[in-house]
Amino acid sequence: MESRNQTGVSEFLLLGLSEDPELQPLLFGMFLTMYLVTYMFGNLLIILVVISASHFHTPMYFFLSHLSFVDICFTSTIVPKMLVNIQTENNAITYTGCLTQVYFFMVFICMDNILLTMMAYDRYVAICHPLYYTVIMNPCLCGLLILFSLLISIMNALFHTVMVLHLSFCTDLKIPHFFCELAEILKLICSDTLINNILVYLVTSLLGVGPLSGIIFSYTRIVSSILRIPSTGGKYKAFSTCGSHLSVVFLFYGTCVGVYLSSAANFSSRRRAVASVMYTVVTPMMNPFIYSLRNRDMTGALRKLISGTFSFS
């Protein structure tokens, strides 16, 4: 393929999930409904409940509200552009728009990952060191942890985005995906990408394995502490506080591993795009349901907030 300098690239073509015209209205309606009802409405409700109810002003719900906010930003980076492309029947995305999407996608998925680790650490301190919980998980530390996750995420995203800026693209600028994913963009590069691929996998592994190791360590200690509780009721009560978080962790990492395995198995790019829907769309959609349905306090507060809103109107 003919090489082209990156400054000459004006736009890419996102091929989407399917090129079948009959499926486009179905895809548009499905993703629009999920985006408005679950992402925006569900996650916004959780944020409003945590802000409005004083008994939710704890580290666990502090991190949960930030996770909901990040999920809103994460899906808003991808889904609106996808909906516009389907509605206008124009799959083009500008060079600047594509790199911007890569940048914010990397920021928010990295923050999602780190926030899940922080929530695991919060549960570890609450169950293994309950007497020191309020001392350790003080507001200052919680704020610093959020700031740390933001800085790490921004640095990671800048590293990947700046790396792409110095590469030359070929004339074939079609991306077989519904958003600008870094792995698919690197396939359009004509220059040597060996070092870039090594750096991408190295950084991704560090930011993936590191937080996951922290989660595994936290829950190993949590399980060990719970097993030492003599009463069955005490064990159930202790473990029930971790149920929602564990469900989200399994869903997030399970879908990410599934996408990685599909890539390693040399599946077609279109199949990998469909698999990517799981962690980019389905996981953020399920988070509000998991945290509300498995948490009686959250369910009750949501009902009060919704009934109070309707009665006020």
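Cβ coordinates are placed from backbone N, Cα and C, and glycine is handled just like the others.
Feature annotations, reproduced from TrEMBL:
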- 26-51: transmembrane segment (TRANSMEM)
- 42-291: domain 'G-protein coupled receptors family 1 profile' (DOMAIN)
- 63-83: transmembrane segment (TRANSMEM)
- 103-121: transmembrane segment (TRANSMEM)
- 133-159: transmembrane segment (TRANSMEM)
- 198-217: transmembrane segment (TRANSMEM)
- 238-261: transmembrane segment (TRANSMEM)
- 273-293: transmembrane segment (TRANSMEM)
#### Entry: Tertiary contacts of the transmembrane segment (26-51) (same chain, 6+ residues out, Cβ under 8 Å)
16-18, 57, 61-62, 64-65, 68-69, 71-72, 75-76, 79-80, 82-83, 86-87, 281, 284-285, 287-289, 291-292, 298, 301-302, 305-306
### Message
If I count Cβ-Cβ pairs under 8 A between the transmembrane segment (63-83) and each of 133-159, 198-217, 238-261, 273-293, which range comes out on top?
### Response
273-293
### Query
For the transmembrane segment (273-293), which partner among 103-121, 133-159, 198-217, 238-261 gives the most CB pairs under 8 Å?
238-261
### Query
Out of 103-121, 133-159, 238-261, which stretch has the largest tally of CB pairs under 8 angstroms to the transmembrane segment (198-217)?
103-121
